[in-house]
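Trainee: This is the structure I want to talk about, given as structure tokens.
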Amino acid sequence: MNLLIMGLPGAGKGTQAAKIVEEFGIAHISTGDMFRAAMANQTEMGRLAKSYIDKGELVPDEVTNGIVKERLAEDDIAEKGFLLDGYPRTIEQAHALDATLEELGLRLDGVINIKVDPSCLVERLSGRIINRKTGETFHKVFNPPVDYKEEDYYQREDDKPETVKRRLDVNMAQGEPILEHYRKLGLVTDIEGNQEITDVFADVEKALLELK
């Protein structure tokens, strides 16, 4: 089974990806892991990526696409299938993935889209607070400290509501064309992500068993 998993930051995509991989025994391909492995193994694309990263530059699409292609060409993929997590991030990368899969004789079976209302995500992501003395992390709503005093805690810049909202807006603008592309191919299953983790996975599992 060959899958993509999509969802906005904070939707619980990483948690569900780990559960899918454990339950179905498929290869988890996350962008970060792919880059690290390609650079550690000094593949052609890994060396290219490192040259950009070392200069503090963004890795261009053709290198990212090349790293994905190298990984999808490995033997375990044909045997186990894959779950792509964090790629494609743009519609151009989605088109490159289509071409790569066709070239390698692979087929995408489904796209799992974890849906959560953006306003809920702002609450989830902007509630994180850190104790000034201990560095411990808490959440104002979901995991509040017992002895909360505002002056004892601070919030990182990128956890502030306005920053979180901007990040979500960027992700939505990039993600919508990709979802639309795969919807036209009849591949997308929307999963309600604003429920307990186990309930989300029950819905994911049901959808995947129907694909098999």
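A Cβ is built for glycine as well, from the same backbone N, Cα and C atoms used for every other residue.
So Swiss-Prot says this about it:
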BINDING   G10, A11, G12, K13, G14, T15, R128, T137, F138, Q195  ATP binding site
REGION    30-59  region 'NMP'
BINDING   T31, R36, E57, L58, V59, G86, Y87, P88, R89, Q93, R156, R167  AMP binding site
REGION    127-159  region 'LID'
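How buried are the listed features, and what sits near them?
Mentor: Reduced to three states, the DSSP call for G12 (ATP binding site) is coil.
Within its own chain, the region 'NMP' (30-59) has Cβ neighbours under 8 Å at 17, 66-71, 85-87, 89, counting only residues six or more beyond its boundaries.
Same-chain residues at least 6 positions away in sequence with a Cβ under 8 Å from that of T31 (AMP binding site) are, in sequence order, T64, D85, G86, Y87, R89.
Within the chain, the region 'LID' (127-159) has long-range Cβ neighbours (under 8 A, six or more residues past its boundaries) at 167.
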Trainee: Cβ neighbours within 10 Å, counted over all protein chains: which one of the binding-site residues Y87, F138 has the most?
Mentor: Y87
Trainee: If you measure from the Cα of R156 (AMP binding site), which of the binding-site residues G10, G12, G14 is the nearest?
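Mentor: Nearest in space to R156 (AMP binding site), counting only the binding-site residues, is G10.
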Trainee: Could you tell me the mean pLDDT the prediction assigns to the region 'NMP' (30-59)?
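Mentor: Within the region 'NMP' (30-59), the model's average pLDDT equals 88.
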Trainee: Near E57 (AMP binding site) in space, meaning Cα within 10 angstroms, which of the binding-site residues do we find among G10, G12, G14, R128, F138?
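Mentor: Those near E57 (AMP binding site) - Cα within 10 Å - do not exist; the answer is none.
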Trainee: DSSP on the region 'LID' (127-159): how many residues come out helix, how many strand, how many coil?
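Mentor: Across the region 'LID' (127-159), the residues distribute as 6 helix, 10 strand, 17 coil.
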